[in-house]
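Below is one structure, written out as structure tokens; comments come after it.
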Amino acid sequence: MNPVKNRFRYLVVFLGLACLTSILSNYIIINFTFICMKDDPTGIEISDNGTEYNRYDYSVAEKSAIVWAVAVGTILGTGPINYSYVRYGARIPFFIAGMVSAFATVLTPFGAYLGLPYLLALRFAQGLAYSADFAAIGIVCVRWAPLAQTGLFISILTSFSPAATVMTNAASGWLCKSSYGWQSAFYVHGLIGFLIFAAWLYFYNDDPQYSKKVSAKELTTIQKDKTQAHIERDSFVPYWEICKNRVILTVWINSFFEMTTLILLLTYSPIYFRKVLDFSVVETGMLISLSAVAHMPAKLISGWLSDRQFLSERVRMWFFNTSSVGLAGFMCVTLAYIPVTWKYTSVVMFSIVYTLMGTNCGGFYKCGTFAARQYAHFVLAMIQFMKCIALFAAPATVAIFVSDESSHSQWGHVYMLNGSLMFIANILFFPMATDKPQPFTFVTRKTVEEEKQKHQIA
């Protein structure tokens, strides 16, 4: 017996992680290259009044617009992408999203050269591609994760954020200062994206029971304890019943505030490290990567622990949500009170916040997946929508409080606001957390049709 066929779910989950990482990496490259682009001599121009400027030196407002362009694309793409996943599965739609992301990434340097409108159009395309990420996580978990390994699968798949941060910032820092220039960071990431998604198209199948790469033993493991509605792929989803469920609403609230803070740190930490803490460009790239490196081990360990039966499922959800949302929020607030001269202490605190956020797979993620069961892909897709709004909210808080990017006190207001909101969201989670399937999971196409027939007879 081929050993790969008995463990094929692991190949699927790690391939999914690589694809998710590629799409996120492609859109966060520019967060780091901002600090290199402004010094590019090829971008120097002379204005009509004779003053010299650099076409790649963007203002705070322009940088916010560049971030928001991704958010707009993600918001507009979430609905159609989710529908395509429900209708056609993840194989082809996710592949198309990956190709769009790779093409847009390769073209980004040319778009930046042509001007801001062209760059914004490419960023919008990256946003459309990025809207495919969270629904893909849901589909892979629903189709390929055994119930007993739900936490582990979520932890692996949601590790794409720290994976992208660690690899992209380190690689971009080196490429920016190399003879190839900042443009090479986009070309290298785009090429890798093409290769990864080609592998996705070849290996992935939405239905394990129809895959020739899966053994009978492996299929039994994947489908153990799942209902027939969970196993079968049906395009029916009781959207309204899900959206008004209090447990799911609490999951979405926690995801929104946690993701807003995470996006804030991922997007603006290069600027904060460079302009407030006064690190060099290379030091900034390496320190950001190091500060985020513990996030992935934290995810994997917490995912594994959340599947262990040492406490009740609900208590484990409380514990991991408190660490990833409540405690992380408290630590985020403390960033505002660390003196600017204690710059390495700030780096350590960034690392602590990143690490604590890595334990979210055992908290609101797992709660949403268990509560929604076969409809978990929609719940996780809506977490993506929360992330879309967060892509607006994070830059908005910066735009409101930060007028001088080198001001420690102005950044402090941003950290205090976001950290406080996370702490409040965690308090709301305690009474709502559950591992039980919610009433809407028993609403299927068959039950709806039977209900209609009863009304017609009556």
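Each residue, glycine too, has its Cβ placed from N, Cα and C.
Remember, TrEMBL labels are computer predictions, not curated facts.
Annotation source TrEMBL lists domain 'Major facilitator superfamily (MFS) profile' at 11-437. Annotation source TrEMBL lists transmembrane segment at 12-35, 65-85, 92-116, 128-145, 152-174, 186-204, 251-273, 285-306, 318-338, 344-365, 377-402, 414-433.
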Residue numbers, six or more beyond the limits of the transmembrane segment (285-306), whose CB comes under 8 Å of its CB atoms: 32, 151-156, 158-159, 161-163, 165-167, 169-170, 172-174, 176, 269-270, 273, 279, 316-317, 320, 323, 347-348, 350-351, 354-362, 366
The transmembrane segment (318-338) vs the transmembrane segment (186-204): 3 or more CB pairs under 8 Å: no
Distal contacts, the transmembrane segment (152-174) - CB-CB under 8 A, six or more residues away: 13-14, 16-17, 20-21, 24-25, 28-29, 32-33, 36, 133, 137, 140-141, 144-145, 182, 185, 188-189, 262, 266, 270, 281-282, 284-286, 288-289, 292-293, 295-296, 299-300, 302-304, 306-307, 354, 358, 360-362, 365-366, 369
Annotated stretches the transmembrane segment (65-85) and the transmembrane segment (344-365) touching (3 or more Cβ pairs under 8 Å): no
Folded-back contacts onto the transmembrane segment (344-365), same chain, C-beta under 8 angstroms, at least six residues removed: 151, 154-155, 158-159, 162, 250-251, 254-255, 258, 261-262, 265, 269, 273, 277, 287-288, 290-299, 302-303, 305-306, 316-317, 319-325, 327-328, 331-332, 334-335, 338, 380, 383, 429
